[in-house]
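Visitor: Per Swiss-Prot, the features are:
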- His147, His155, His164: Cu cation A binding site (BINDING)
- His289, His293, His316: Cu cation B binding site (BINDING)
- 482-492: compositional bias 'Polar residues' (COMPBIAS)
- 472-492: region 'Disordered' (REGION)
- 1-22: signal peptide (SIGNAL)
Amino acid sequence: MDKMRTLQSLIVKLTLLYGALCMLQTENVKEINKQECIQNAVYNFNTTDSKYLDPKCVTIFMDQYRGLKNLLNYTEDQMNYIFSLERAMMRKHHINDKRHKRQAMTRPRQECRTLTDDARNNLFNTIVDLKAPSNGMSRYDTIAGLHRQAIANAHMGANFLGWHRLYLDMFEMALQETRSDVVLCYWDSTLDFLMPGTSQVNTVSFSAELFGNGRGVVINGPFRFWRLPGGRTLQRFIARPGSSLTRPGVVDLIATDPRINTNSQIVFRGQGFPDPDTGRPGHSWEDEHNNTHVWVGGVMQNVVSSPQDPVFWFHHTYVDYVWELFRQKIGPGAREQYPADASGPHAPDAPMIGFDMLQNRDGYSDEHSRMYAMHPRCSNNCGNSRFLLCPNNGPMADPNRRCVSRAVNSDMVPAAAISAPEAAGFSAMSPMGAFGPAAVGPSSVGRMASRSGAARVSLQATDTVAIRAAMSEPPLQLEGPSFTSSFDDPRI
């Protein structure tokens with residue numbers, strides 16, 4: 001009887017083991033099929049013609065496709081565009097297909113203020129081209145909308161750095177499909193933070209020559225009168241109290257301190273490091289990145305909609321640049337180690353939402369690293385930039401001494417707002433009346449009649465025009481959470 005019970009028990013265990021092995025084998029087959037499907041789909045997929053897909057993977061892939069499409073509320077054309085960019089990214093980095101040789105890397109990304117005028121104008125104009133509707137679709141808005149679904153997967157955790165690295169890669173790929181010689185530039189906002197006193201509010205970064213004005217509706221620069229989805233106009237409110245630009249001390253800790261030597265020490269909800277100004281423990285590079293979002297204000301302060309301001313791309317390219325400095329510091333192996341204790345949507349093997357061919361850990365791979373030109377320093381003559389200067393104070397013998405952004409005291413406004421304020425929507429008794437021809441002087445009157453249709457006036461006048469324009473629009477309704485600043489710069 002005992003032998004019979006033992007035999008029955010053994011049969012039951014073997015049956016359970018066989019069932020478990022079958023389930024495991026089924027899961028392995030599913031995973032293999034999924035990888036084959038994704039590879040096949042990304043290289044060949046078009047939602048209007050699925051004949052290129054192996055039948056066994058249609059269900060696997062289409063479930064993912066429909067989920068993302070419904071989440072984003074995208075059309076077939078928009079989804080096809082996103083997948084075409086993913087396909088181009090995979091071919092560039094030969095992910096999942098070792099037969100494709102990696103393409104030669106494009107030229108290094110550099111600080112926006114060190115670009116030549118032609119290079120900078122080409123980049124900005126290409127961004128404007130992406131924004132323009134084509135066949136009923138704005139390619140810019142389609143890419144920007146992808147950020148909407150990334151809050152849980154790409155913020156407040158270890159995947160923040162890798163996800164945004166891939167997001168930059170996708171945006172740059174879209175730019176280069178329009179103009180092959182453009183490369184994203186980064187905005188090193190520590191150079192604006194270092195401006196003395198309260199002068200950072202007058203930084204040349206937020207003027208007509210670079211990103212456009214910084215208070216009220218963006219009325220000048222390459223992105224002037226930039227329309228947001230829903231019809232509102234792009235607005236900013238830079239340097240509000242309770243915010244801060246990126247602090248050099250934080251960047252230097254991440255880039256050079258030998259005690260900070262794992263990715264877990266710089267990501268949100270990781271080990272963190274003490275804030276160099278407040279001493280609070282647990283600071284992260286993501287925390288510091290949040291500060292600049294708040295400093296710019298407007299849609300940049302909104303987590304969901306921040307990519308609708310083109311400044312988003314220049315800020316995040318700098319975030320990626322500093323991460324790359326850190327990766328070079330800690331060396332091979334360590335820099336590709338995804339924080340093992342990350343969980344939930346930030347777990348190493350969790351899918352990278354929006355990039356169906358990747359897991360979170362893939363964002364840390366050297367495959368996606370980019371070359372960067374060093375940030376402007378006094379030793380490299382500030383990159384020969386007319387927008388930067390080498391400060392007189394500080395350790396003069398230090399070759400790594402940072403340059404500082406120049407300030408401006410005037411900017412450009414539409415000429416109609418100066419020559420005919422009532423025609424431009426301002427009453428004769430409004431504050432704009434103070435900035436008519438008699439106030440700005442004969443030389444300004446001459447400039448306002450230039451072919452550009454714009455006049456150079458004081459920053460106060462520029463702010464008045466831009467803020468009045470903002471007041472004429474209904475309040476901007478933004479969905480989802482806002483960024484919060486971890487540091488309050490007492491100078492602003």
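Backbone N, Cα and C atoms are what each Cβ position is placed from, and that goes for glycine too.
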Visitor: Could you tell me the C-alpha distance between His164 (Cu cation A binding site) and His316 (Cu cation B binding site) in angstrom, no decimals?
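Guide: Here the two Cα atoms are 7 Å apart.
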Visitor: Round to the nearest Å and give the CA-to-CA distance linking His316 (Cu cation B binding site) with His147 (Cu cation A binding site).
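Guide: Spelling it out, the Cα of His316 (Cu cation B binding site) and the Cα of His147 (Cu cation A binding site) are 13 Å apart.
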Visitor: What are the DSSP helix, strand and coil residue counts for the region 'Disordered' (472-492)?
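Guide: The region 'Disordered' (472-492) comes out at 0 helix, 1 strand, 20 coil.
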Visitor: List the residues of the same chain that sit at least 6 positions away from His289 (Cu cation B binding site) in sequence and have their Cβ under 8 Å from its Cβ, in sequence order, or write 'none'.
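Guide: Result: Thr246, His315, His316, Val319.
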Visitor: Tell me the Cα distance separating His293 (Cu cation B binding site) from His155 (Cu cation A binding site), rounded to the nearest angstrom.
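Guide: Pair distance, Cα basis, whole Å: 13 Å.
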Visitor: So around the Cu cation A site, His147, His155, His164 aside, which residues have their CB within 8 A of the centroid of those CB atoms?
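Guide: Surrounding the site, in chain order, are Ala150, Ile151, Ala154, Phe160, Trp163, Tyr167, Val303, His316.
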Visitor: How far is it from His293 (Cu cation B binding site) to His147 (Cu cation A binding site), counting Cα to Cα, in Å?
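Guide: Between the alpha carbons of His293 (Cu cation B binding site) and His147 (Cu cation A binding site) there are 15 Å.
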Visitor: Name them in sequence order: residues not among His289, His293, His316 whose Cβ is within 8 Å of the mean position of the Cβ atoms defining the Cu cation B site.
Guide: Asn290, Thr292, Ser306, Phe312, His315, Val319, Phe483
Visitor: Name the residues of the same chain, 6+ apart in sequence, whose Cβ is under 8 Å from the Cβ of His147 (Cu cation A binding site)?
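Guide: Those within reach of His147 (Cu cation A binding site), by Cβ under 8 Å and sequence separation of 6 or more, are Ala154, Tyr167, Val304, Ser305, Ser306, Pro307.
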Visitor: Where does His289 (Cu cation B binding site) sit in DSSP terms: helix, strand, or coil?
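Guide: SS state of His289 (Cu cation B binding site) = helix.
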Visitor: Three states by DSSP: which one describes His155 (Cu cation A binding site)?
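Guide: His155 (Cu cation A binding site) sits in coil per DSSP, no helix or strand.
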Visitor: With every protein chain in view, how many other Cβ atoms are within 10 Å of the Cβ of His293 (Cu cation B binding site)?
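Guide: That number is 25.
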